[in-house]
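Q: In case it helps, Swiss-Prot gives these features for our protein:
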- 1-19: signal peptide (SIGNAL)
- 26-61: repeat 'FapB_R1' (REPEAT)
- 85-120: repeat 'FapB_R2' (REPEAT)
- 156-186: repeat 'FapB_R3' (REPEAT)
Amino acid sequence: MKRLSALLLAFACIASLQADPLASRNRASIDDSGTYRGNFALNQAAGDAQQQSNVRVVAVGSAALVGSDQRQHLQLDASQPIAASASISGAALRGSGILGVNQGAGLGNQQINAFRLSLSNGPESLDDSVLAQSVALTKVSGSATPVPGGRSVSTDDRAFAGSSGVVQVNQSAGVGNQSMNTLSVRVME
C-alpha cells in the first residue's frame, strides 16, 4: 500500500509539472553562490525577450574622458497570463570590487548596470552631453495591456552582506519592467 501511495504521489507531481510546463521557465534564482574580487558581472534571465547589459568603462590619462550609450527597445505582444519570480537567497554574491547583477523573470524586462570611471590630471567641463549619460529614457516599450499572473521578487538579508566597493543590482519579475543603475566617478589631480 505504501508503494502504491508513493507511486500515486509521484504521478501527481509529474502531472502538475506537465499541466503548466512554462511555470519553471519564468523563475530565476541565485542561491548561496558566487564570491568575487575585482570586476564581476552577472546576467540571469528566465522567460522570453529579456534584455540585460552590464557595462564598465575606465579611462586613465592626462585628458581621460569616459562615456557609454546604451539603448534597449522591445515590442511585446503579451496575451497569456505569466507567473514570474526572481530571488537571491542565502549568502550569495559577497566580495569586493565592482559587481553588477541583472536578474529578470517573465517577459520583456529591460535592465542596465553602467559604471564609468575616469582618472585625469587636467580640468574637465561638465556639459549636457555628459549629464545625459545618466538618463533612463521613459519611453514605454513593454506590453500595452496588463498581463495577469503572480509576480514576486525577493532578496535575502544575507545576500551581498560584507561586500565592499560598488554593488549594482536590478531585480524584476513580470512583464515589461525597466530598471537602470548608473554610476559615474571622475577623479582629477
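Using the three backbone atoms N, Cα and C, a Cβ is placed for every residue, glycine included.
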Q: Which residue counts does DSSP give the repeat 'FapB_R2' (85-120) for helix, strand and coil?
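A: Looking at the repeat 'FapB_R2' (85-120) with DSSP, the answer is 0 helix, 30 strand, 6 coil.
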Q: What same-chain residues lie close to the repeat 'FapB_R3' (156-186): Cβ under 8 Å, and 6 or more beyond its ends?
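A: Here the qualifying positions are 26, 28, 30, 52, 54, 66, 72, 74, 76, 78, 82, 84-118, 120, 124, 130, 133-134, 136, 140-143, 147, 149.
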